[in-house]
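S.K.: I have a structure I would like to understand better, so I am pasting it below and will then ask my questions one at a time.
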Ligand code: D5M
Ligand code: FE
Ligand code: ZN
């Protein structure tokens, strides 16, 4: 067992590990057994496994029990077994139960606890303007504000195929969905899986229909609740409520409208996956339902729906989650769509160019509407239209606020590639210490600084990461970051959201950084979760680190790291920050799907991929901020060219964006 095996196993359990602890485990006679023991004994409050958690004596004493359990569980060795009962055991046990349950037909028809009141469904008037869904044709104005600001590349606007339309005029029968059942659950993905979501190697899992595959075990950490979060000492005027609502008054007020902090309910139970997918489906389908009159899939089985009165084929619509994507031998596409009442196959012919192009961008697990006719044998829908939830064209931006918001991410304090000189120049700018008067004026107009994750580099995030760290202790990294943030003038309200390098659970949604870390930072800093929906004095901003961008780049043709805002645009069309469940993003199934983009924000701020991108899409400003980390060895190998030390500044009055360069 070498170092990277140890790190990988630890990462799989959502911990970080210090290099000393790796060495210690490696040097043992039985590194594998010791590692299993350590993972089964560390408690959930631990973020980084250090040498103090490597208990040789306890391991030696546990030897017999451990072997016994290993023998019983010989089918599935690896890191799931442990000598003592731990949270991971419980979760493993509950998944084994689930596996049995999934094959029992009785569960496949368990009644839904939630009914859809279709009479109260919102009627979103999208009409004809939806037909022209496309990126805002007017290019973003990138201007050099002042002499010492550096312009970035021209913004890129990707044309969006116009494939949406509304045809159906039928009304769905309310009773069908009201008595619907969410009858099964789809497979739980492996945490840190690197498979392409479109690779078709997921077995035929389903959300509401039949499940043929066993859920693989999520890690214990992925589903642990975060450390409790008290906000009382940081000045919000109201306590937290259901969705994390917190208000921070003052000259530059902030309201956290929704984030997971303090509200995680997830312990990885079967029923929670059901609830999670139910919430995702019901909220996204409701958006589409305002535009088409969809039938429950179950009703397609009734012959009367398959033929019009004249006996010809009738066009009908359904809304479902994509549970499978395949190609026929002739190169057509076949989707499996599921809703709470059943599943159905949909064929998209490659002769219909526009439709086929849109179909090739459809991802597993996204919720779409389909219009088409049913074949004579009643088994297949021939699609003529695909409808994504998307954004109405008539979304009005509220009258803006005033002042500026600076958007950054991926600072990576502690990394040997952290560009400290550039960062210090940036801090000087914020302090109003620039050489030029216009820069000082600009600095004086800044009211907010938003950090979208990866504040520090962390430790044990990727194999061999320690080779590129200046600060090996993650807490020391945060102390250093706090030192920097203390330099930021107090009148600037700073909002910090975590990313995959930060010291919180890896599974998303992630809570705010723990109190012990917050304590080092000054009072003008507000810690939020990832994602977080926040209001900055009247301007709504959705902050998301952006880990799903890795998946979107891998699975949507035309989406690239060089134009990260294009990936965010694809999220917006799906009204979901991480459309494909699993793959690189491990998602904790909370009661509410925090990734659904609803309500619509005025700004979406992402990071993670270390490149800069700004686009506008139907009055929503999409900003992917770059990084403060120069190219790492890994990034060199995969040819990822970061855009460091470039800072987008948004004018909250008119949403104009300027980019300042500090490199
Ligand atoms: O990720 C920055 C970007 O680089 C993001 O697209 C993931 C990718 N990345 C960086 N290092 C690795 C390794 N070792 N494996 C896989 N992908 C990687 P960040 O989260 O900021 O490091
Ligand atoms: Fe990063
Ligand atoms: Zn990241």
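Going from the start of the chain as shown, residues are counted 1 onward.
Using N, Cα and C of the backbone, Cβ positions are placed for all residues, glycine too.
TrEMBL entries are annotated by machine, without manual review.
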S.K.: When TrEMBL marks a stretch as region 'Disordered', which of 218-248, 249-279, 280-310 is it?
M.R.: 218-248
S.K.: Mind tallying the domain 'OB' (316-377) by DSSP state, helix then strand then coil?
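M.R.: Counting residues per DSSP class in the domain 'OB' (316-377), I get 7 helix, 34 strand, 21 coil.
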S.K.: Given the model, what does the mean pLDDT over the domain 'DNA polymerase alpha/delta/epsilon subunit B' (406-607) come out as?
M.R.: 96
